[in-house]
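Quick look at what TrEMBL annotates:
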{"type": "ACT_SITE", "residues": "38", "note": "active site, proton acceptor"}
{"type": "MOD_RES", "residues": "38", "note": "N6-(pyridoxal phosphate)lysine"}
{"type": "BINDING", "residues": "132, 298", "note": "substrate binding site"}
{"type": "DOMAIN", "residues": "228-350", "note": "domain 'Alanine racemase C-terminal'"}
{"type": "ACT_SITE", "residues": "249", "note": "active site, proton acceptor"}
Ligand SMILES: *Cc1c(COP(=O)(O)O)cnc(C)c1O
């Protein structure tokens, strides 16, 4: 028996993914362009992303945890993998068994890596003003890093999506000072939005994530970044809702006239959250908008198919899930939209 076909799928456009990476690589100037593939490739499937981007020439990949590194499976020798969350006490065994480099974020992590005596290169994160992960600049300059073989010295921008924010220039200035003081094979500051700030931010290696997957990281990327993920859901039932009858939990929608309604197999357990309810979310039937009616249920969704022709039980509708516009409609961030797409979707690489 073949496996049951799920009533949900995400079409993932390989050519768009690669084109987006090439655009960020171009915008990175002389810097090498890597790819953040944490959170299972922002929900799309990290292995599929790595394979396609490696074919296109990408060599540097970033995951969050050792479990994510292991889940990727074996990587070609030419590829480099960094584990952004570094080296907890629990990670020692996995780190020794892996070719991936830990990104050391704290003095304790530096001490742990030295004690492991792995005898190979690591990466180091320095916090230049975000107050998230990383050594302070003072710690980094204190001699703590002496004796380490640092491949990539990195920092992360807090406000890169706001080009006018003064913290960008401050972080750039601080990072330049660190570059002059701390030897490393290469230096890296920019995520997707950071690349859009200009090549001064690129240093030797850039680390885009969101933009590769079709998100618009900041001004300058519109019109260049292509859609990558298109979620689709199957219609389980088509019904005629009579005038004045209500739809869904809470009976929040009442039909102003008799209407044709499709019930789709998707809900908030699939990341299609309450923020897409009445007046905000919509499906598309061959490009014709089909607005959401009433509340989103856990696994089901009602949409108005009155404007669409020939839509029937068993058909598939695309969810209108363009990260930038769906983010405004739903109040969710583009990151939330991509990473909350659940396990129930079949991921179909086109
Ligand atoms: C997630 C992450 C990135 C990628 O950021 P995007 O905003 O998705 O481009 C780059 N660097 C670090 C350290 C990250 O945590």
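Each Cβ is built from the backbone N, Cα and C atoms, and glycine gets one as well.
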*Near residue 249 (active site, proton acceptor), which residues of its chain come within a Cβ-Cβ distance under 8 Å, counting only those 6 or more away in sequence?*
294, 295, 297
*Where residue 298 (substrate binding site) and residue 38 (active site, proton acceptor) are concerned, what is their Cα separation in Å, rounded?*
26
*Using a 10 angstroms cut-off on Cβ to Cβ distances, just flag whichever of 38, 132 is the loneliest among these recorded positions.*
132
*Mind tallying the domain 'Alanine racemase C-terminal' (228-350) by DSSP state, helix then strand then coil?*
23 helix, 45 strand, 55 coil
*In three-state terms from DSSP, label residue 132 (substrate binding site) for me.*
coil
*Can you grab the distance from residue 132 (substrate binding site) over to residue 38 (active site, proton acceptor)? Cα atoms, rounded to a whole Å.*
17
*Mind giving me a neighbour count for residue 298 (substrate binding site)? Other Cβ atoms within 10 Å of its Cβ, every protein chain shown.*
10
*Summarise the model confidence on the domain 'Alanine racemase C-terminal' (228-350) as a single mean pLDDT, whole number.*
96
